[in-house]
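A.B. asks: To start, I am sharing the structure in question, which I have written as structure tokens.
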């Protein structure tokens, strides 16, 4: 699933190409793509006609396009969603779900989604911040993110540090890949109890999270297959810089110990057994 760097890369591309453009027509080619829009596909298309995109913003892994009407288009890429800018004459993609045509002669915006886990909706009055995503915490790259608030909230939790990093109500945008990479840099195992971490240790980890996310944004994100691309259909390159994620049994880039792969929340965690030893005290299992 796209994480913050991938979604931010898409946001930057959209901001360059759709800001201040007026929507002339919207075609919904698959109703599942707008299933989160309760009023239905026809209403989705109708309410967007003749509106102008004012900006492109992001909260965690969600995008929204504020409109001059005061509403907003909210989007989530899911597992395979793509927002592509294409010339109007370009052939339709096999999994094209929604098409936005603009009043000028510039490229059209297409929502393509093979697995249809992603989707678009209109948030009434949501231009500043859609209510649908208001519960999601700010991300570590957000200028208004509070380090002190995060440290205090994290240390009150009785959970494992990796679970906390993936909790979108604590901080947003961090997924499995970048959590593993930040924990490796911080020399912390993902099962380390949060209530045992000192404030300075949490701040050091937060610094590594920011570094990993920032570096990944510069590389256009991480692409493991053809499903993640930017608005021009290009893949990201951060996978070449990964230190542990996806490198099971390969030598740790820091100490040479083979990287360990472990099951975690129906996915996999990657860590170095030497640099990131398991904690002696585990978080008690919930009853």
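Using the three backbone atoms N, Cα and C, a Cβ is placed for every residue, glycine included.
On a predicted model such as this, the values are computed, not experimentally measured, just so you know.
As listed in Swiss-Prot for this protein:
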type     : residues     : note
ACT_SITE : 2            : active site, schiff-base intermediate with DNA
ACT_SITE : 3            : active site, proton donor
ACT_SITE : 61           : active site, proton donor
BINDING  : 95, 115, 157 : DNA binding site
ZN_FING  : 243-277      : zinc finger
ACT_SITE : 267          : active site, proton donor
A.B. asks: Given a 10 Å Cβ-Cβ cut-off, pick out the one of the recorded positions 61, 95, 157 that has the most other Cβ atoms nearby.
C.D. replies: 61
A.B. asks: Taking DSSP three-state, what's residue 267 (active site, proton donor) in: helix, strand or coil?
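C.D. replies: It is in a strand.
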A.B. asks: Please give the DNA site's span as the largest CA-CA distance among 95, 115, 157, to the nearest whole angstrom.
C.D. replies: 42
A.B. asks: Between the Cα atoms of residue 115 (DNA binding site) and residue 3 (active site, proton donor), what distance do you get, rounded to the nearest Å?
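C.D. replies: It is 17 Å, counting Cα to Cα.
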A.B. asks: Out of the recorded positions 3, 95, 157, 267, give me the one sitting nearest to residue 61 (active site, proton donor) by CA distance.
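C.D. replies: When the Cα distances are compared, 3 comes out closest.
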A.B. asks: Over the span of the zinc finger (243-277), count residues by DSSP class, listing helix, strand and coil in order.
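C.D. replies: In the zinc finger (243-277), the DSSP-based counts are 0 helix, 12 strand, 23 coil.
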A.B. asks: From the active-site residues 2, 3, 267, pick the residue whose C-alpha lies nearest to the C-alpha of residue 95 (DNA binding site).
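C.D. replies: Closest by Cα distance to residue 95 (DNA binding site) among the active-site residues 2, 3, 267: 2.
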A.B. asks: Counting only residues 6+ apart in the same chain, whose Cβ is under 8 Å from the Cβ of residue 267 (active site, proton donor)?
C.D. replies: 176
